[in-house]
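**Student:** This is the structure I have questions about; it appears just below.
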Amino acid sequence: MPTLAVVNFNIVCATLGGFITIFGLVSYLFKEKFYLSEALISLVAGLIFSPHATNLLRPMQYALGNEETLDTITLYFTRLVLGVQLVLAGVQLPSKYLKKEWKSLALLLGPGMVVMWLVTSLLVFAFVPHLPFLHALAVGACVTPTDPVLSNSIVKGKFADKNIPKELQKIIVAESGANDGLGYPFLFLPLYLIQHVGYGGLGSDNSAAKAMGDFFGETIGYTIILSVVYGWTVGWIAKELLHWAEERKYVDRESFLVFAITLALFIVGTVGMIGSDDVLACFIAGNSFTWDDWFRLETMDDSFQPTIDMLLNVSVFIWFGAVCPWYDFVHSEVIPIYRLIFLGILVLLLRRPPIIFAMHQKIHQIEEKRQAIYVGFFGPIGVSAVFYLYVTLDFLRKIQVDGEIRPDAQHLMEVTNVVVWFLCICSIVIHGLSIPLGKLGVYLPRTISNALSHSSEDPDSPAPFHISENAAEAESEIEGVLRRRPGTNNNSNRRVFRIGHPVIRPSESSASQGPKTPAPFALSNAPTAAPTSAGTSRRPSVSGERREPESHEMTSSEERGGQGKVAVSKAT
């Protein structure tokens, strides 16, 4: 007997598949006509499907009611998305790009990231009550890297192709890919200090030297340097193996196209097992994999990788809309909502634009001041911020005293969870609406002005003359004439279309012999038809060439031997 199986798996499949299917029907309209990012649309859909609305997606049930398990699921999901995105980001850069553009990247990843980190930390310190500056440094580090997932929506599509130079697109992709993995030093410097010397060193050794040793040994050495070496080695070996297999025709087209994505999965898994920086390793591997530009050129016109990219983007932002702590934004005890709003606005305005504008003359890809403003403003906070948020929460849970999380670590967890999520939502919404609102601000006054100018015109003024209307009418009649059987005289039903005055005027000798009908002058592709002698059936001539005034030509059509032939004679 059939029974309903309304279980979570079926609901998730139906909800996710149904949304992506419906969104796919209008995706071009939303993304290329309205310039709305798929991240914003998916986030709103996730909120609608979440327990805060329709309750179709129930993240806490998937985690069996355990909040720590839910955080782990979100952390692994962001790792997967970032790993695939960063390998694809590295692959789409030109040959030896990191080597050629190291000066511009050094400015963006050095002074740029340091200033972004300090400015955000100062704003968090100013707006969050009772928060030590060391704790604010940890919160600011989470949102320092720009997001490669949201950056893709800015540097791809019709708007980017029309308004953003290619070199500027490449430097944005390279920066957003590299600074994701380089966020670890900015995050773990304050975290190690909090662990070892924070709260009087309770539960630890109260040693700043130990904290700095962990920072340089584990973070700089084991996490950053090891991930760079590992990612470069794996990417280069993968490139050589694929070359070898392709030369011998061992690999089919499907496996060739999916190679970069499977490489990302391999690096995420192996680097995750050794506890190093899998995000940075994926980006470096993508660069070394296409160091000779071979794979990028081979897959330039392929749509498989962008398809996987789109599916991951939509899925992760739907998940964000479902797991985001929307309730805590309004009812949080660590920071009131009005402070959160001002913090979000100031972070977007001061975190990145000032330093990019100050350095833009030394970055040759940024040629104009308005480009500097654009690059400075569009430094989105997204998947990478959520990734570092849950890395922070996982680290702080290990700072315990007598089996309980230390009070200062517990307070920092609450602050980080609310502030980072709110800044992430602000960035998705503001950056997702900036381009359509900017377009509306340009076109709306122009449209209103045109409407007012048309309404003020004199209603008695003659309507404009359109040649295309008569041309279309003549063309339809000509087609009807051509379809008739040969030998039928239909001259009586034909119409002559004359546009303007005749250009070729009759000579005096011809005028003395009697009036003649001048041949009409053909404009552009407008067809002309003129009868010849009585009883002679002729085909109309369609001409798109201007006749010279000196040449007097007449075109006639005669039927000979049952077949229509066209003879051209000069009138003298």
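Placed from the backbone N, Cα and C atoms, the Cβ positions cover glycine too.
Those TrEMBL annotations? Automatic predictions, nothing curated.
Pasting the feature list from TrEMBL:
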TRANSMEM  6-28  transmembrane segment
DOMAIN    25-436  domain 'Cation/H+ exchanger transmembrane'
TRANSMEM  35-53  transmembrane segment
TRANSMEM  73-93  transmembrane segment
TRANSMEM  105-128  transmembrane segment
TRANSMEM  215-238  transmembrane segment
TRANSMEM  258-289  transmembrane segment
TRANSMEM  335-351  transmembrane segment
TRANSMEM  372-391  transmembrane segment
TRANSMEM  418-437  transmembrane segment
REGION    476-572  region 'Disordered'
COMPBIAS  522-537  compositional bias 'Low complexity'
COMPBIAS  544-562  compositional bias 'Basic and acidic residues'
**Student:** Cβ under 8 Å, sequence separation of at least 6 from the ends of the transmembrane segment (35-53): give me the contacting residues as numbers and ranges.
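**Tutor:** Apart from its flanks, the transmembrane segment (35-53) reaches 15, 19, 23, 27, 59-60, 149-150, 153, 157, 159, 310, 313-324, 326-327, 382, 425, 428-429, 431-433, 435-436, 439.
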**Student:** Taking a Cβ cut-off under 8 Å, which residues six or more beyond the ends of the transmembrane segment (258-289) line up next to it in the same chain?
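**Tutor:** Distant Cβ neighbours of the transmembrane segment (258-289) are 79-80, 82-84, 86-91, 93, 97-98, 177-178, 180-182, 184, 222-224, 226-228, 230-236, 238-239, 242, 251, 295, 299, 304-305, 308, 384, 387.
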**Student:** Which stretch from 73-93, 335-351, 372-391, 418-437 shares the most C-beta pairs under 8 Å with the transmembrane segment (105-128)?
**Tutor:** 335-351
**Student:** May I ask which of the stretches 73-93, 372-391, 418-437 has the most CB pairs under 8 A with the transmembrane segment (335-351)?
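**Tutor:** Looking at each of 73-93, 372-391, 418-437 in turn, the most contacts to the transmembrane segment (335-351) are made by 418-437.
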**Student:** Quick test of the contact rule: Cβ under 8 Å, at least six residues beyond the ends. What residues does that give for the transmembrane segment (73-93)?
**Tutor:** 59, 62-63, 148-149, 152, 170, 173-174, 176-177, 180-181, 235, 260-261, 263-265, 267-268, 272, 278-279, 282-290, 295-296, 299, 305, 308-309, 312-313, 316, 319, 323, 383-384, 386-387, 390-391, 394
